[in-house]
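For reference, the structure is listed below as structure tokens.
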């Protein structure tokens, strides 16, 4: 209880509240611009958080992402272009409402659902994470090794497209994490005599390059950059939302729970939460045929899911130090820079800070209810902000942000190189998120593996002889082998069926 | 820019071999059989496995895609110019930021990028000067990042 009171005092600090407000407005703006994602908002914000205390730094990330995920609904409803991938699931419903002159109502449903989902997720985070942390106190390096493996494996399996390409992306991230002095052996790896590379590849320029530079390159290659036109609308933002909530209480509750659970799964983010929740709402609906035609059920379910997942991803991130998505990977990197190692110990040694981080989720979501109104009212102008003026400024911000981390142009070089690599990867179906997770989790994976091997004296049984370690290890091995076994069985069955079809006696 | 999976696979094979070669010189931890080379070796072996799958599946699949396609932007001078400005403009900060200074370099790159996007000259000048000076002031005065003034050192504030 004392921790909670101290946490209130920390969050109530005017400078923290000011940062939350500023980051919220920034998140709303970035999320509302088509093509700029919540991850990009975080990437652009991180150079600023470098100069803040830990709490305002994390509060800035939490609030900007919560706002950006909601604001992604705005261009979705106005232009049928989801501002962030998390809004893609219900973009047709929102746009159909806009065509009927109900843009504000559609966005109001998204706003209220987002706030509801965000608050439910924050409650689960605040109550569930400390329990899990108690449990995680018993973990040794072996459990952390398996958790890191599990997180990385899930990021590959859940990533869109080919799992092989997801694995390549992860391996590239792990390789990047090995560059620099090896902490265990004290030997420089892949530095080729460069002093700059001795400290490793700084993850902030890497992330700015992979998320922001890729977008700028894609923009530079695009044929046209037209300013979009928005259909006229004259509905109310808050009008009728109470009735909508009562009508959709099942969808809101289910969406919020699905969102939080999907968020906890490593690798699954708010976009997957929204798609799963939308599909579930359609399955349980009495009028599934109305989905996609401007119906509020899918909007409420998926809108609550994508914001509640934002709290869910913080559970493994804070309790185990395993980020569930790109944003928490960035946030964990920020915490590391501030000298804070996420894990069960922070709940004991930094309890005030941990609870203060939880409180920022409540503050951000309540603030969203009010700021969201103004964002919706001003949406018409925001979505029409010419990208040809914004993108060059974002490029400059990326350059300065990369420089600011080490006060050296080496950061700009990292940003540029990884921006080009990230662009080529995305263009050819290689997801970027596993690479970022690899860069962040790589050192933790290696440290825990080396410590475990030394403790077990090289005996593999040492990785399975504790109950939790054995379970996590078995799950991880199953995740690796089941797709291979099912592929082999399918291939054998296909060959068998073909052979039978060609057999003249049959 | 589309690169076929077989070409990507070949590149990954070369890259993984280079990792294995470089990692072979890494020392082991005293008293253990493993050391600094372990993770790089695992990464390299994983990349070799993935590369073989990518190459084989691309060769077996039909129709087989072209080895590499640059995309239609490469034949459009304006878009090619824009990509050039983004890449070379960013790269120019690496050797020239200390000499020329951040303000002049950023105004130049920003102005070139804006003009390539067909922003009218007055707006482009206004945006590039305002944005450069605002970002410079924010980072150098508020966050105390030593952004070099370069040739404008005499008027630094």
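Glycine too: its Cβ is placed from the backbone N, Cα and C atoms.
If you look up TrEMBL, you'll see A:18-437 marked as domain 'DUF112'.
Annotated transmembrane segment per TrEMBL: A:7-34 (among others), in sequence order.
The transmembrane segment annotation in TrEMBL covers A:54-72 (among others). Sequence-distant contacts of the transmembrane segment (A:54-72) (same chain, at least 6 residues past either end, Cβ-Cβ under 8 Å): 10-11, 15-16, 19-20, 22-32, 37-38, 41-42, 45-46, 48, 82-87, 110-111, 114, 118, 270, 303, 306-307, 310, 327, 330-331, 334-335, 338, 340, 353, 356-357, 360-361, 363-365, 367-368, 371-372, 375.
Residues or ranges marked as transmembrane segment by TrEMBL: A:106-132 (among others).
The transmembrane segment feature in TrEMBL is assigned to A:144-160 (among others).
Taken from TrEMBL, the feature transmembrane segment covers A:167-185 (among others). Same-chain neighbours of the transmembrane segment (A:167-185): 152, 155-156, 159, 191, 197-201, 206, 418, 421, 425, 430-443, 445-447, 450, counting only residues six or more beyond its ends whose CB sits under 8 Å from a CB of the stretch.
TrEMBL lists A:197-217 (among others) with the feature transmembrane segment. Note on the transmembrane segment (A:197-217): residues 35-37, 39-40, 43-44, 46-47, 50, 176-177, 179-181, 188, 190-191, 326, 330, 333, 391, 394-395, 398, 401-402, 405-406, 411-412, 414-423, 426, 432, 435-436, 439-440 of its chain, located 6 or more positions outside it, place their CB under 8 angstroms from a CB of the stretch.
Annotated transmembrane segment per TrEMBL: A:313-336 (among others), in sequence order.
Under the heading transmembrane segment, TrEMBL lists A:356-376 (among others).
Marked as transmembrane segment by TrEMBL: A:388-421 (among others).
Same-chain neighbours of the transmembrane segment (A:472-493): 143, 146-147, 149-150, 153-154, 157, 163, 463-464, counting only residues six or more beyond its ends whose CB sits under 8 Å from a CB of the stretch. Among the features that TrEMBL reports, transmembrane segment is placed at A:472-493 (among others).
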